[in-house]
Amino acid sequence: MDGEKRKRSICSRQEPAAALKILKDGNNKRDEIPDRVTLKKEIGLLSACTIIIGNIIGSGIFISPKGVLEHSGSVGLALIVWVLGGCIAALGSLCYAELGVTIPKSGGDYSYVTEIFGGLVGFLLLWSAVLIMYPTTLAVIALTFSNYVLQPVFPDCVPPYMATRLLSTVCLLFLTWVNCSSVRLATRIQDVFTVGKLAALGLIIVVGLVQICKGNYEGLTPHVAFEFSRTPSVGQIALAFLQASFAFSGWNFLNYVTEEVVEPRRNLPRAIYISIPLVTFVYTLTNIAYFSAMSPEELLSSNAVAVTFGEKLLGMFSVIMPISVALSTFGGINGYLFTSSRLCFSGAREGHLPSLLAMIHFKNCTPIPALLCCCTATIVILCIGETHNLINYVSFINYLSYGVTIAGLLYYRWKKPKLYRPIKVNLLVPVTYLMFWAMLLGFSLYSEPVVCGVGLVIMLTGVPVYFLGVHWKSKPKCIYDFIGGCPLQSWLSKIEVIPISDADRAESPASAISSLVIPAWVIERRTLLPVVMVIQ
C-alpha cells in the first residue's frame, strides 16, 4: 500500500455530506473505506435469465417425473400436469414481475409480504425459508449431485452414505467460497452451467425425438397414454401438481436479487418472459422423451430416471448422463446459494435476523456472513439424513408463500391504488393463480393432512420467535452484551466486512460514524447494528 489510498470499490457511492471513515491496516498505514456500500448491479439480461433457468432446472426434472406419474396414474395426465405446472408458474411469475418493479427490494416474497402485511407475516415466511425450505432444497440438490458423480465409481450398488455427504459438503464449501469472492464469478459460473444443463436436457430430447421418428411412440398415443393403472382421486392429482411444483421451484428467485439487476424495471420482466416458457417447453419435451424410451412401469421402478434412459438408448455412451446431471445440479447449487443468501441478507437488514448477516465485504461487495449462514444450515440438514422426506413439506410451504405473496398483490392494489406501477398485470392473472392455489392446497390438506400439518407447524413455530426476538424491544442489557461478545463476532473481525448502507438505519453522517466507533452492538430503531469489522 505504501501510503497510497486504496481505490474505492465499484459498489460504493460517495455522499457529499458523509464523513470520511478511516481505519488502520496491519502496517499502521491509513486506508479509506467507502462512505456508502451497496450491492453491485452486475446482473444483466443474460445473467438474469440464467439465474431463473439455473434455479428451476436443478435436480427436480430428474427426480419429480416418477412422483408426478405415480400420483397422476397415466402418461397422458402426467404430461398435462407438467404443461399446466409451467402455465401456473408463468402466471405467478407475471405477478412477481409487477411486485418486483413496484417494490424494488432484494428478498423476493419476504420483502413484498413485509412491505404489504407487516413484520409478523414477513417473518413467518423468512423463518420457514431459512429454517427448512432453502437448506432442504439445497441439500437435496447437493445429494443428487454427489449420487450421480459417484454412480460410475459404485456401478453395482448405492454410493456409501458418508461418501455422498462428504462430496456434497465439499461442493457446498467450494461454491460458498466462490460466491464470497466475487459476484461476477458466481454469475459466470451460473451462465456456463445453465448452458450445460440445457445441453444435457437437449441431449435427452434429441435422443427421444429420434426414437419417436423411428416409430417408438406407442406409449404416447392417446388410447395408451390415457390408460389409467388406477383412477386418481382429486387429492392425488393435487399431489402430482405438488411434485411438479418442486421441479418448477425457483421461478421467483430473480426477485431475491432485484437490487443487483441492471435496469430491473426492464430486465426483470424480460427475463421472466423468456425463461418460464423456455423451461416449460424443455420439461414437457424431456418427459415425452422419457416416455418414448421407457414404459410407465420402468420409470416408476427407476431410482435415476435419466441414467436408466441413457442405459437404454446410449449404450457405451451412457456415462454421459450421470455427468450431465451432475453438471446440472452443480449449477443449481450455485444458483440457490446466490439467491438464498440474499434472503438472509434482506431479513437482517429489516431487523428480523441478526444484523451481522446484513454485512458485506467492502471490496468484493458480497454478503459473506449470509452466505456462510446458508452453507452451515444446509450442512446441518445434510447430517440429518432424511432430506428426501422433507420435499413434500418444502413444496407445501413454497406454495403457501406464493399464494400469500400474490394475495398481497391484490391487497396492495386496493391499499395504494395510485402508486406508480411500471408493470400492471390484468386482474385475471392473480385471481386465476389464487383460485388454482386454493384448490391445490385444499385438496393437498385433505389427501396428506400430516404432511401439510407439519409444514404449517414449521411455519407457526416462528410466532414466539418473532415476539421474543423482534417485537420485544426492551430486552435486558445482558442479552446485547452476550451477543456483542459472541465468538462469531470475533471471528468476523478477521475479514473485511461492513454494514450495508441503508437510509432507514443511518439517517445522518453522525449516526453512520457512531456505528463504526462503538466497540459493541448498539440499539437503533429496534435493530441491532454491528460494529464495522475489518482486518487488523
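For all residues, glycine too, the Cβ spot is worked out from N, Cα and C.
Non-local neighbours of the transmembrane segment (43-63) in the same chain are 137, 140-141, 144-145, 187, 190-191, 193-195, 197-198, 201, 246-251, 253-254, 257, 260-262, 267-268, 270-272, 274-276, 278-279, 282-283, 286, 304-306, 325, 328-329, 331-336, 338-339, 391; each lies 6+ residues outside the stretch with a CB under 8 Å from one of its CB atoms. According to TrEMBL, the feature transmembrane segment maps to 43-63 (among others).
Sequence-distant contacts of the transmembrane segment (75-96), counting only residues of its own chain at least 6 positions beyond either end whose CB sits under 8 Å from a CB of the stretch, comprise 65, 68-69, 108, 219-220, 222, 224-226, 228, 232, 237, 240-241, 244-245, 247-248, 251-252, 255, 272, 276-277, 279-281, 283-284, 287-288, 291, 296, 402, 405-406, 409, 425, 429-430, 432-433, 436. The transmembrane segment annotation in TrEMBL covers 75-96 (among others).
Sequence-distant contacts of the transmembrane segment (117-146) (same chain, at least 6 residues past either end, Cβ-Cβ under 8 Å): 58-59, 62-63, 109-111, 159, 163-165, 167-169, 171-172, 249, 325-326, 329-330, 332-333, 336-337, 340, 343-344, 347, 350, 352-353, 373-374, 377-378, 380-382, 387-388, 390-391, 393-394, 397-398, 401, 404-405, 408, 411, 458-463, 465-466, 470-471. The feature transmembrane segment is assigned by TrEMBL to 117-146 (among others).
Per TrEMBL, the feature transmembrane segment maps to 166-186 (among others).
Summarising the annotation, TrEMBL assigns transmembrane segment to 198-217 (among others).
Residues or ranges marked as transmembrane segment by TrEMBL: 237-258 (among others). Outside the transmembrane segment (237-258) by six or more residues, the chain places 43, 48, 51-52, 55-56, 58, 60-61, 63-64, 67-68, 70-72, 77-78, 81-82, 84-86, 88-89, 92-93, 96, 99-100, 104-109, 112, 137, 264, 268, 271-272, 275-276, 279, 283, 335-336, 338-340, 342-343, 346, 391-392, 394-396, 398-399, 402, 439-440, 443-444, 447-448 with a CB less than 8 A from a CB of the stretch.
According to TrEMBL, the transmembrane segment annotation covers 270-293 (among others).
Residues 51, 54-55, 57-59, 62, 108, 134, 137-138, 141-142, 144-145, 148-149, 151-152, 171-172, 175-176, 178-179, 186-187, 189-190, 192-194, 196-197, 199-201, 203-204, 207, 211, 250, 253-254, 256-257, 293, 304, 306-307, 371, 374-375 of the same chain sit 6 or more residues outside the transmembrane segment (313-339) yet have a Cβ under 8 Å from a Cβ within it. Annotation source TrEMBL lists transmembrane segment at 313-339 (among others).
Look at TrEMBL and you will find 368-387 (among others) tagged as transmembrane segment. Outside the transmembrane segment (368-387), and at least 6 residues removed from its termini, the chain residues within Cβ reach (under 8 Å) are 130-131, 134-136, 138-140, 142-143, 161, 165, 168-169, 172-173, 176, 179-180, 337, 340-342, 344-345, 348, 356-361, 492, 495, 497.
According to TrEMBL, the transmembrane segment annotation covers 393-413 (among others).
Look at TrEMBL and you will find 425-447 (among others) tagged as transmembrane segment.
Under the heading transmembrane segment, TrEMBL lists 453-472 (among others).
Residues 88, 91-92, 94-95, 97-98, 233-239, 241-242, 396, 399-400, 402-403, 406-407, 409-410, 453 of the same chain lie 6 or more positions beyond the ends of the transmembrane segment (425-447) yet place their CB under 8 Å from a CB of it.
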